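A quick write-up on the structure given underneath.
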């Protein structure tokens, strides 16, 4: 509906432009991201936007209270300081409100206080009480309220999604069962379902999923077993304790080398040796930092392309090669830390080569110290932080897209409103005059604020980011209030409120994710987590023949299972938030299921009595 209305408006606007042969105020361009968000790839973005809308009621309540406080202090400030001729911040009620609104972000503090403070030291109490109440009490209270709301929304979202999946499984089960066997489904029906539900899943994985779901081991799935299909699709299967490593069929001399590499990387002290090398690399970097060089290029070359840098990079490269040879590529890349290590190592090697070829390209020095991040893995608190980052990575991606969409929306409006204004020497006899003083022969350190304009999309994006940081953001706002209109402040204040709402929800989500992970770690031991994330399935070939009853499929599976014997596979779940929530809310899940069953029974009884 929204997309259709937006598209119609855009088409009408294009027709008007073709008829008039001239451009006009085209604010509808700001609505183009609607078509991006409403795609399958942006499902997480839509969920995050939905969470923002669900979190709005408490935020709006707190904003109303905050604005009441700002208006009250603005009125009081006008009557306290408006009579002072030397005070430019409270000359009118509008100036007073703008000053107090900006003071909420501390961008104009203590400048806004000093003229009044010069008259009487007691006037400082006005500003201190305002900041203490608005900034340190109400703003933090808003965060607390949003955090509590966000936590409740997350739990309720998980509950609804769980019950929705349960209902979907019930409906699918009714379609899959046959009249001859209405209480269970056979492998043939399950295999056909997976061909539609997940076409890329291999036949081996479908068999293993069926075996894992079939806890009764009777060759058919009941409804209670079939309900867990969503969880089963997440499992990634591999042979348990394969008899031969990946290099077992290699050329004998090469196989001996691979065995030696495997013995080295599985040595109990190998990781300790790697940490010692990393610490040595850090000490060498500190020594290089304190060695004085004649030029910046020579200093960068000594830091990233000297003999000690080449030595440590060679050791790190050898470590990566040994692990890849000894463990195999699949096992090696299954660890995120291994991917990080090899990426940073070879980026640093490429950076050293680039520095030797082009010494002015000094930015590549950043790659060498990145390997020190591996040391943070040793401390549990940092592991919790990294784990939280992993849990938050999908949310952070959605947040980034939402921020870009919001930036685009305000950028289009800002360009339509302010793109024609040149801010050089724009604000004579105003409080921000010094920031826009420009001369052809050069300008002062303060005089570069004229670059914060809305001339094009890229420049506008940088300007909006500066407004987001809120450091001296009022300087840009005041400049456009001078050159355009006093009401242009509404654009900047609205943008600040929007960013404050989104960032408050982001902070609340980070706090909630960190609290969730800490609680999960306290309630779950390492062994419990391994049991939760791992599933073991033992497939008997003879039983498999009776269950599948498909000779062509059995011939296809001979390479994955031992004909006439037993084959053991382990399935691993990804450590996603939903998987962890199923463990954390185990007791609540049982209660939710019981309540859903009771509602279904009540609905069936009501339907029966009505008929």
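Glycine is treated like the rest: Cβ placed from N, Cα and C.
Residue ranges 36-58, 59-81, 151-173 are listed, and TrEMBL annotates 59-81 among them as transmembrane segment.
It is 345-367, from the ranges 207-229, 230-252, 345-367, 414-436, that TrEMBL records as transmembrane segment. Of the given residue ranges 490-514, 515-539, 540-564, TrEMBL assigns the label transmembrane segment to 490-514.
The stretch that TrEMBL tags with transmembrane segment, taken from the ranges 388-410, 457-479, is 388-410. Sequence-distant contacts of the transmembrane segment (272-291), counting only residues of its own chain at least 6 positions beyond either end whose CB sits under 8 Å from a CB of the stretch, comprise 299, 302-303, 306, 308-309, 312, 315-316, 319, 368-369, 371-372, 374-375, 378. For the transmembrane segment (490-514), the residues of the chain that approach it from at least six positions outside its boundaries are 51-52, 55-56, 59, 63, 101, 105, 142-143, 146-147, 149-151, 154, 384-385, 388, 391-392, 395, 399, 402-403, 406, 410, 413-414, 417, 464, 467-468, 470, 473, 476-477, 480, 577, judged by C-beta separation under 8 angstroms. Taken through DSSP, the domain 'Ion transport' (9-156) splits into 117 helix, 0 strand, 31 coil. Only sequence-distant pairs (6 or more apart) were considered; of these, at least three Cβ pairs between the transmembrane segment (122-147) and the transmembrane segment (93-110) are under 8 A, so the stretches are in contact. At the 8 Å Cβ cutoff, the transmembrane segment (303-325) and the transmembrane segment (93-110) share fewer than 3 close pairs (sequence separation 6 or more) and do not count as touching.
Mean predicted confidence for the domain 'Ion transport' (9-156): the pLDDT average there is 83.
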